[in-house]
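The next block holds one structure in the form of structure tokens; read it before the comments.
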Amino acid sequence: MLEARLQTAALLKKILEAVKELITDANFDCSDNGIALQAMDNSHVALVAMLLRQEGFEPYRCDRTLALGVNLVSLSKVLRSAGNEDIVTLKADSSNDTLSLTFENPDNDRISEYELKLMDIDSEHLGIPDTTYDAVVSMSSAEFARICRDLQVLSDSVQIDVTKEGIKFAAKGELGNGAVTLKQAANVDKEDESTVIELNRNCSLNFSLKYLNNFTKATPLSSRVTLSMSSEVPLLVEYKMETGYIRYYLAPKIGDDV
Amino acid sequence: MSFEDSDNEVDQKVGSPSDATSTRPPSGTNAPLLKSYTYATPLPTDLKPDQECILGVDEAGRGPVLGPMVYGICYCPIDRQDELKTMGFADSKTLKEDERDSLLDVIVSRPDMIGWSVRVLSPMDISNSMLRQEKYNLNALAHDTTIQLIRDTLDKGVNIREVYVDTVGPPETYQKKLEGLFPKIAKITVAKKADSKYPIVSAASICAKVTRDDVLRHWIFAEEGIKDTISREFGSGYPSDPKTVQWLKKNMDPVFGYPNIVRFSWGTCKTLLDASGTAVRWPNEDEEDQRRISTLFNRTEKDASELAEQKRQYSTFIAKTPPRPVPQLMQDMGLKSVIDF
């Protein structure tokens with residue numbers, strides 16, 4: 001039995017926006033710890049791991065673990081009928097094959113109730129090993145989204161080089177080349193916009209811009225994004241939320257000039 | 001050998017137990033043509049050891065989009081080559097089908113003097129060669145097939161002194177290539193339209209052409225489900241034949257394309273498939289350099305044990321049911337199931 005009350009529907013809406021283009025169906029794994037989701041995209045190139053800790057809900061009750069198989073497109077459609085400020089209550093029961101959603105407006109004079117059919121999803125859980133990354137770059141999420149969008153004009157893939165001076169995103173394509181470099185801690189006054197690099201070793205890796213652009217759908221969830229990289233290891237793109245996170249893992253491309 | 005003798009030969013053949021094939025050349029086949037094969041006659045009965053021979057090579061069915069491509073070789077003693085001329089060999093393409101058939105009968109009626117063999121390349125093998133990753137073009141296929149037929153004949157102990165080859169490519173380089181491979185053959189001539197210049201090539205051309213026509217006319221479809229129902233109105237097989245084009249248009253499966261009579265590697269075929277076939281997206285197609293995350297992260301312990309459990313259940317299930325036979329078509333086409341439970 002799950003009962004979870006979320007203060008604003010906006011958070012859930014943003015989370016759905018952030019994952020629904022990458023994956024269509026996923027299990028929401030509910031436990032006393034909170035609600036988690038892990039799924040790979042269809043071509044098994046990227047993996048999304050989302051966690052909403054129980055502290056984010058008031059109240060939160062989950063007496064036994066539940067896997068709620070949800071079609072994310074349907075859920076996002078239902079969520080469209082909720083106002084951003086609405087309070088959302090999620091309810092599910094192991095004996096039932098539906099997820100019930102209740103939206104209450106802030107004035108508490110309008111209540112809407114929806115039931116979403118659940119589905120059996122054969123999910124493949126991957127074990128994500130603890131990794132000490134060669135480079136961990138924390139930067140503005142809006143800046144990251146802009147770079148990915150700008151470079152997509154030139155190429156399908158981007159080469160990311162991290163040195164102690166900064167992080168460089170470079171794309172080579174048929175119509176020309178382009179590169180954006182962000183210098184470390186250039187904006188000390190504006191903490192939100194600064195670029196902070198923790199470096200063990202320089203690294204240079206190639207990634208698909210299509211996927212990176214997909215990840216930036218999570219930008220509204222956090223003003224900061226962290227890119228963690230090591231060679232031969234999937235890139236970790238993390239958006240931290242107050243009581244949880246969305247992590248995207250992306251397998252590198254085999255670069256021809258690395 | 002007199003005219004009467006050769007008549008007797010034919011009579012004998014008609015009266016033989018293999019009556020069903022009596023009007024067909026011995027080089028045809030009664031099985032679906034999936035793998036290429038070679039047919040060869042025994043050595044000419046009058047051939048003396050070390051007697052010098054000439055050998056001609058020609059092909060049939062290079063252009064068509066349907067059916068096999070056939071390479072034929074024909075050989076006889078050098079001192080009897082004038083007899084060939086009197087038998088009436090000319091360019092097979094200028095002859096009518098029944099004239100060609102009767103000329104093959106002439107060849108077949110002289111096992112004392114003429115030896116021949118054909119290599120029948122199946123459409124599937126042609127397509128596979130041309131479409132495989134390291135492309136193997138039609139010329140290379142032609143050369144290798146010819147070389148193999150000559151080598152087989154030499155291996156049987158025939159003393160070949162002169163070789164005449166019909167070619168569609170540049171003759172000079174091909175001739176050099178053959179001279180390099182067969183230094184013991186005194187004279188190798190590669191020429192365009194050799195079948196109208198040299199009777200021995202003309203004879204080889206008859207062997208190839210009649211074999212191809214026969215295989216196509218008696219084509220046996222290997223594909224279950226359509227083999228008895230599919231239209232046989234496929235015409236000559238040439239892309240210029242409206243009947244052939246009509247047949248190709250009417251008999252396309254949007255997913256699987258065509259049965260194995262068709263050379264998938266032909267432009268005609270590709271155009272039609274592009275136009276009306278269903279596109280299949282292969283996930284790896286344009287992302288060859290993209291790694292999979294599932295190969296970089298491991299499946300978790302829990303899932304591994306679940307998988308093992310499923311595997312165990314599946315294997316006990318398997319033990320109770322007899323193994324399913326591999327479908328004939330999969331066997332014929334060399335396909336195997338790659339899903340590992």
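Backbone N, Cα and C define each Cβ position, glycine as well.
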Which of B:D166, B:D213, B:D214 does TrEMBL put in the same divalent metal cation site as B:D58, B:E59?
-> B:D166
Residues flagged as region 'Disordered' in TrEMBL, choosing from B:1-35, B:71-105 | B:1-35
Inside 8 A of the center formed by the CB atoms of B:D58, B:E59, B:D166, which other residues of the chain have their CB, for the recorded divalent metal cation site?
-> B:V57, B:A60, B:Y71, B:G72, B:V165, B:T167, B:A194, B:D195, B:V201, B:A204, B:S205, B:A208
Among the binding-site residues B:D58, B:E59, B:D166, point out the residue whose Cβ has the most other Cβ atoms within 10 Å, with all shown protein chains included in the count.
-> B:D58
